[in-house]
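Residues or ranges marked as transmembrane segment by Swiss-Prot on the basis of sequence analysis: 12-32, 49-69, 77-97, 102-124, 138-158, 165-185, 197-217, 225-245, 263-283, 342-362, 396-416, 431-451 (among others). Annotated topological domain 'Cytoplasmic' per Swiss-Prot: 33-48, 98-101, 159-164, 218-224, 363-395, 452-471, in sequence order, evidence recorded as sequence analysis. Residues annotated as topological domain 'Periplasmic' in Swiss-Prot: 70-76, 125-137, 186-196, 246-262, 307-341, 417-430 (among others).
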Amino acid sequence: MTDLPDSTRWQLWIVAFGFFMQSLDTTIVNTALPSMAQSLGESPLHMHMVIVSYVLTVAVMLPASGWLADKVGVRNIFFTAIVLFTLGSLFCALSGTLNELLLARALQGVGGAMMVPVGRLTVMKIVPREQYMAAMTFVTLPGQVGPLLGPALGGLLVEYASWHWIFLINIPVGIIGAIATLMLMPNYTMQTRRFDLSGFLLLAVGMAVLTLALDGSKGTGLSPLTIDGLVAVGVVALVLYLLHARNNNRALFSLKLFRTRTFSLGLAGSFAGRIGSGMLPFMTPVFLQIGLGFSPFHAGLMMIPMVLGSMGMKRIVVQVVNRFGYRRVLVATTLGLSLVTLLFMTTALLGWYYVLPFVLFLQGMVNSTRFSSMNTLTLKDLPDNLASSGNSLLSMIMQLSMSIGVTIAGLLLGLFGSQHVSVDSGTTQTVFMYTWLSMAFIIALPAFIFARVPNDTHQNVAISRRKRSAQ
């Protein structure tokens, strides 16, 4: 990348800062949830919605981000994304109630949904094709550093300042990023096809109301009759989308995607798999603080080994999959993650705290292997004309399943615990033990899906080539 013009390198730095802001925010909040609950006068069992409101908004808005960038221009949309994210951060810090915080997090989510995919699109437009991989590696590196710093930084700010600062630190970075975007980034546009607004609205309504209904009457405060109504609305919306997308070449996501077996299995496995693994970043710091009495900073530091394990494993995932094949790797890592989850719970409740960093490092390795394998399995056999649509659908499903996972984790805590959980409660560790056991069971379930993946990797490649040549 040294032969790129200075202006292009500056533009890559802007995209990298956007990736860093978005990735930092996904992890920095987790260690602050108990302190937020105390400050806002809420039960810690309700604080999972702080994460859900952000991740669910990202899932809902993702399908529109690429079309908006092509229509309005990458500079305009990237600038808007940074402004919305920064304003959302300010409103989060100013929130005095949980409902205000949830609305502010949703605004953050709108910005976050546009920031990363539009950033990728920007790199694609400003960098020569032969240097695209090197450029993407450069801009995504800060996105890997964000999760590494987030938990510890969040714990440090909460312990020595207040939870408001985990949002306030975004403001100066956002202002600098917005100004730099206007000054340095070109406003590339492309000819766009008509946006499938009907399909977008049907999917958005279906995802939002079903996730809200899943939280139950205790979590939302809604009556059982209203919850039943939300479920009915969500199911009807999704069925209407399927009818809308059938034989519709302009559908948001073509149903032709599901003719590729590995895509169908990979997407189903990714959805189910990320529901389980999506619980872990939320539950781990909450358990360490409320269940074991760790300080916010100590709990944040304990999350670093998990991120290091994840980053370290990415270098050898390809060799592992090539050696053992997708089916064996995915089944083994799914069951392995369930066992590691049980191991974490056992060592924590036994008081073997010195073992926890090693267990969390192992958890990060297993989880990273499974994530990378799921992603490549899902997309590897798609024909070229469906690859972009399939990637967008996978990105949306990833965010949606994580929001559902956090919702289920909060629901399990509510089922097993009292309305208010404190460190002094004699039942607290029992509540968390039952929750972790349930999580381990949920994490193991996708193994049944992955067991149906064709076993031989080379055979899969040969089949995919015949499919591509036949279309």
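Quick reminder: no glycine exception, Cβ is built from N, Cα and C everywhere.
Proximity of distant same-chain residues to the topological domain 'Cytoplasmic' (363-395), defined by a Cβ-Cβ separation under 8 Å and at least 6 residues beyond the stretch ends, is recorded for 62-63, 66, 117, 253-254, 256-257, 260-263, 265-267, 269-270, 273, 277, 280, 305-314, 317, 320-321, 326, 329-330, 333-334, 336-337, 340-341, 344, 453, 460, 463-464, 467-468, 471. Through the fold, the transmembrane segment (263-283) approaches residues 27, 30, 33, 48, 51, 257, 303, 330, 334, 337-338, 341, 363, 367, 370-371, 374-375, 377-379, 381-382, 390, 393-394, 397-398, 400-406, 408-410, 435-436, 439, 442-446, 449-450, 452-453 of its own chain, all at least 6 residues removed from its boundaries and within a Cβ separation under 8 Å. Between the transmembrane segment (49-69) and the transmembrane segment (102-124) there are 3 or more Cβ pairs closer than 8 Å, counting only residues 6 or more apart in sequence, so the two stretches are in contact.
For the transmembrane segment (102-124), the most Cβ-contacting stretch among 12-32, 138-158, 165-185, 225-245, 396-416 is 12-32 (pairs under 8 Å).
Residues 36, 40, 42, 46-47, 49-50, 91-92 of the same chain sit 6 or more residues outside the topological domain 'Cytoplasmic' (98-101) yet have a Cβ under 8 Å from a Cβ within it. By the Cβ criterion (distance under 8 Å, sequence gap of 6 or more), the transmembrane segment (396-416) is counted as touching the transmembrane segment (197-217), at least 3 such pairs being found.
Here the topological domain 'Periplasmic' (307-341) is broken down by DSSP into helix, strand and coil counts: 31 helix, 0 strand, 4 coil. Non-local neighbours of the transmembrane segment (225-245) in the same chain are 198-199, 202-203, 205-210, 212-213, 216-217, 251-255; each lies 6+ residues outside the stretch with a CB under 8 Å from one of its CB atoms.
Nonlocal intrachain contacts for the transmembrane segment (342-362), taken as residues 6+ away from its ends with a CB within less than 8 angstroms of a stretch CB, comprise 284, 287-288, 291-292, 302-303, 305-306, 308-309, 429, 432-433, 436-437, 440. Residues 95-98, 101, 158, 162-163, 219, 282, 285-286, 289-290, 296, 406-407, 409-410, 413-414, 417, 419-421 of the same chain lie 6+ residues outside the topological domain 'Cytoplasmic' (33-48) yet bring a C-beta within less than 8 angstroms of a C-beta in it. Listed by sequence, the residues of this chain that lie at least six past the ends of the topological domain 'Periplasmic' (70-76) yet keep a Cβ under 8 A from its Cβ atoms are 118, 121-122, 125, 181-182, 185-192, 195.
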